[in-house]
Structure formats: C-alpha cells, structure tokens
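Marked as ATP binding site by Swiss-Prot: G10, A11, G12, K13, G14, T15, R127, S135, Y136, G198. Among the features that Swiss-Prot reports, AMP binding site is placed at T31, R36, E57, L58, V59, G85, Y86, P87, R88, Q92, R159, R170, with the record citing sequence analysis. Among the features that Swiss-Prot reports, Zn(2+) binding site is placed at C130, C132, C149, C152. Feature annotation from Swiss-Prot assigns region 'NMP' to 30-59; the stated evidence is sequence analysis. The region 'LID' feature in Swiss-Prot is assigned to 126-162.
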Amino acid sequence: MNVVLFGPPGAGKGTQAKELDKHYQIPHISTGDILRANVRDGTKLGKEAKGYMDKGELVPDEVLIGVIKNRLAESDCKPGYLLDGYPRTTPQADALSSILVEIGMPLEVVLNIDVADEELVTRLCGRYVCTCGESYHMKFNPPKKENVCDACGADLYQRDDDKEDVIRQRLDSYKEKTQPLISYYGEKGLLVDIDGTGAIDRIFSDICKTLDQYK
C-alpha cells in the first residue's frame with residue numbers, strides 16, 4: 001500500500017507511523033530524516049542539499065523529489081511506503097504524483113489525522129524531550145522521576161517550539177499551507193480524515209480499518 005500521512009504538530013503522527021511501519025511492514029519515510037541521511041552520507045543529492053542548508057535556504061523541490069525517488073527505489077519499499085513530511089505544497093504534490101506514476105508506485109490513500117487546536121496546544125505544551133531521543137508528556141506520559149529521562153537519566157527539557165505562543169503560530173502556519181493540499185487530495189478522492197482525538201490504540205485501529213482496504 002502506498003500512503004501519504006498528514007497531521008498537524010502534536011497530532012501523534014510519528015507515534016502512529018511507527019506502529020504502522022511495524023504492523024504492515026512498510027517503511028515510514030520521513031523526508032527530513034532521509035534528507036539528513038543523504039547529507040550525512042555525502043551522496044550527490046546530499047551535497048547539493050547541504051549547499052542550500054548551509055546558507056539557510058530551502059532545499060529546492062527538484063532535490064527533495066530526487067531524494068524521495070532514490071529512497072523509494074530501495075528494496076524495502078516494494079510492499080509500499082508511508083510518506084511523511086512531503087508534499088507541503090500543491091506543486092510538490094504534482095511533482096510527487098508524476099514521479100510515483102513513473103516508478104509504478106502511485107499513491108493510493110492520503111491519511112489526514114485531524115485534532116482540534118486546543119487539544120494540540122494541551123498536548124504540545126506538556127511535551128518534554130531528552131537528548132537521547134525519548135519524549136514524555138507531563139500530563140499523559142510523565143517520567144518516573146520528575147524532569148529526568150527514564151531511559152538514560154539525563155535532564156529533560158522543553159523545546160522552544162513547544163511553548164504556547166510558538167505552538168499557535170505553528171498551527172496557523174500548518175493550516176495555511178496544508179489546506180490547499182487537503183482540497184487537492186480530496187478532489188482526487190484520495191483523502192481519508194482520521195479522528196486523532198482519544199486513545200492511541202483506537203486511532204491506530206481506525207487507521208488500520210482504512211488501510212486494510214489497500215492490502
């Protein structure tokens with residue numbers, strides 16, 4: 001199955017993607033992760049991307065789509081893929097569609113995890129992270145010892161972009177950028193809205209009911 005995953009900051013997209021990766025044995029492809037991997041490994045596209053990133057500029061669409069195309073050509077993508085973080089604009093969606101058809105892996109469904117703004121603010125304001133990669137929530141998933149990571153014992157910290165004023169700006173920006181894509185995929189009959197409020201297991205079950213149609 002070939003899937004694109006949308007969801008605002010704090011919607012639990014990463015959590016669901018991790019579980020879907022395990023359940024369906026299709027790789028979770030985060031464009032940010034694969035871009036950083038290409039830069040780290042010094043690939044041709046990675047060097048090209050680094051040139052823009054070092055200058056604080058956005059990586060051009062043609063470089064991003066090249067990185068995605070190369071990742072989809074890897075053997076673990078044969079059963080399908082779960083693409084996260086791309087597209088972000090309708091021109092990117094058009095370019096992605098062309099590439100996916102060209103390589104014989106056309107998009108089958110776009111999942112949009114939908115959560116109300118106030119719920120997202122509550123979720124994100126309580127989020128604390130560790131340098132080891134672990135993430136906690138002071139209300140929903142607190143560490144055993146206050147402000148200390150269960151996994152490695154290091155102090156937890158709150159990212160600047162998890163503070164309320166910044167969160168609201170991020171949500172406004174997300175809606176402004178993503179709404180045209182929601183309409184774009186809705187018109188193509190590919191969009192499925194998922195209620196992202198409530199228990200993680202229930203949300204996962206709802207997603208699986210949708211994706212099982214594409215197995």
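Yeah, the Cβs are placed from backbone N, Cα and C, and that goes for glycine too.
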| said: Just to be sure I understand, if DSSP states are collapsed into helix, strand and coil, how many residues of the region 'NMP' (30-59) fall in each? | reply: 22 helix, 1 strand, 7 coil
| 10 Å Cα neighbourhood of R159 (AMP binding site): matching binding-site residues from R127, C149, C152 | R127
| field | Cβ atoms near C130 (Zn(2+) binding site) (within 10 Å, other residues, all chains) | value | 19
| task | Go through R88, R127, R159, the listed binding-site residues, and name the one with the sparsest Cβ surroundings, counting other Cβ atoms within 10 Å. | result | R159
| Around the Cβ of Y86 (AMP binding site), the count of other Cβ atoms that are within 10 Å | 22
| Neighbouring C-beta atoms (10 Å sphere around the C-beta of Y136 (ATP binding site)) | 20
| remark: CA pair C152 (Zn(2+) binding site) / G12 (ATP binding site), Å rounded to integer, equals 23
| task | Go through V59, C132, C149, C152, our binding-site residues, and report the one whose Cβ sees the most other Cβ atoms within 10 Å. | result | C149
